[in-house]
Amino acid sequence: MSIARRTTLSKFLIEQQRETNNLPADLRLLIEVVARACKAISYNVSKGALGEALGTAGSENVQGEVQKKLDILSNEILLDANEWGGNLAAMASEEMETFFPIPANYPRGEYLLVFDPLDGSSNIDVNVSIGTIFSVLRCPDGKQATEESFLQPGTEQVAAGYAVYGPQTVFVLTTGNGVNCFTLDREVGSWVLTQSNMQIPADTREYAINASNARHWYEPVQRYVDELNAGKDGPRGDNFNMRWIASMVADVHRILNRGGIFMYPADKRTPDRPGKLRLMYEANPMSFIVEQAGGAATTGTQRIMEVQPTGLHQRVPVFLGSKNEVERVTGYHAEGEGK
């Protein structure tokens with residue numbers, strides 16, 4: 001690709017703003033700030049042990065999970081980058097118990113930013129792809145945010161995206177008008193458009209699930225996976241492959257590129273907790289992206305983006321990816337009225 005003919009993220013967003021007239025300037029600027037923060041996170045991730053940021057921080061987040069040093073650093077990078085620009089009323093992070101209002105000494109805007117600063121951080125020390133997930137909502141209360149301001153269904157998202165820090169660093173974005181992927185050119189420091197209007201195939205022969213939990217699954221999931229594992233001799237009449245990276249951004253990025261279904265169901269170990277993934281920080285933004293790419297995303301019983309949040313750290317079961325497979329496993333839940 002000729003350097004002169006490259007489309008950078010900034011150019012792409014400005015053209016979107018001109019052509020569609022549904023991308024406000026403040027939202028465009030907010031997305032660019034998030035993308036710059038992801039570049040800074042990518043730089044720190046890539047330094048590895050040389051950056052003295054590997055290992056645990058000796059603390060736990062609100063989820064009760066041990067925090068990695070890079071979890072905390074990534075969270076701080078996103079907060080510091082976005083607090084002063086005048087585009088936001090508040091932010092909420094998977095790593096923080098309560099939301100973060102924009103300090104009084106900075107101007108406030110009309111948007112809310114929700115993020116998982118470093119998804120898949122258990123993989124940091126073993127050099128497996130990890131990433132950042134984010135979602136943007138409008139603040140319904142003008143510029144004075146409360147926790148309730150964030151509790152909007154995913155259908156209210158105005159933008160969502162993720163960055164993957166892997167062999168390449170990529171930034172995947174939707175503003176409700178398709179899904180596009182930008183690759184970080186480290187030589188010039190720009191995000192360059194490398195994939196336009198990404199589409200997930202409706203059919204697939206790949207699935208992603210943590211099979212070590214099989215003994216805990218509810219019957220609809222057990223039935224679905226058993227059929228896949230039966231291969232050509234089973235009811236599906238075809239062979240399926242399992243892929244599991246244990247990093248949602250990496251698994252979803254693969255599915256976005258070549259199809260597949262990602263599953264993180266509820267299970268019998270914690271019947272009072274419906275799933276592990278967080279609705280606001282992971283499930284909603286990924287569902288927005290997947291649906292914009294022609295896929296589907298459900299909890300097994302309803303469309304993820306129609307779930308009404310009841311708390312910042314609410315968890316949900318997740319089934320997303322190739323439309324026909326998501327519809328099949330969702331249908332099994334309906335037949336069994338199970339989880």
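Note that Cβ sites are derived from N, Cα and C of the backbone, with glycine treated the same way.
Packing around GLU94 (Mg(2+) 1 binding site) is summarised by its Cβ count: 23 other Cβ atoms lie within 10 angstroms of its Cβ, all protein chains included. Feature annotation from Swiss-Prot assigns Mg(2+) 1 binding site to GLU94, ASP116, LEU118.
In this structure, GLU282 (Mg(2+) 2 binding site) is part of a helix by DSSP. According to Swiss-Prot, the Mg(2+) 2 binding site annotation covers ASP116, ASP119, GLU282, on the basis of sequence analysis.
Its Cβ taken as reference, SER122 (substrate binding site) is surrounded by 14 other Cβ atoms within 10 Å in the chains shown. Sequence annotations record features per position, and here Swiss-Prot assigns substrate binding site to ASP119, GLY120, SER121, SER122, ASN210, LYS276.
GLU282 (Mg(2+) 2 binding site) and LEU118 (Mg(2+) 1 binding site) are 11 Å apart (CA-CA, integer value).
When every Cα pair among ASP119, GLY120, SER121, SER122, ASN210, LYS276 is compared, the largest distance found for this substrate site is 16 Å. Checking the binding-site residues (GLY120, SER121, ASN210, LYS276) against GLU94 (Mg(2+) 1 binding site) with a 10 Å Cα-Cα cut-off leaves nothing. The two recorded residues, ASP116 (Mg(2+) 1 binding site) and GLU282 (Mg(2+) 2 binding site), show a Cα separation of 7 Å. Taking each of the binding-site residues SER121, ASN210 in turn and counting other Cβ atoms within 10 Å of its Cβ gives the largest count for SER121. If you take the C-beta of GLU282 (Mg(2+) 2 binding site) and look for same-chain residues 6 or more apart in sequence within under 8 angstroms, you find GLU94, ASP116, ASP119, ILE133, MET248, VAL318.
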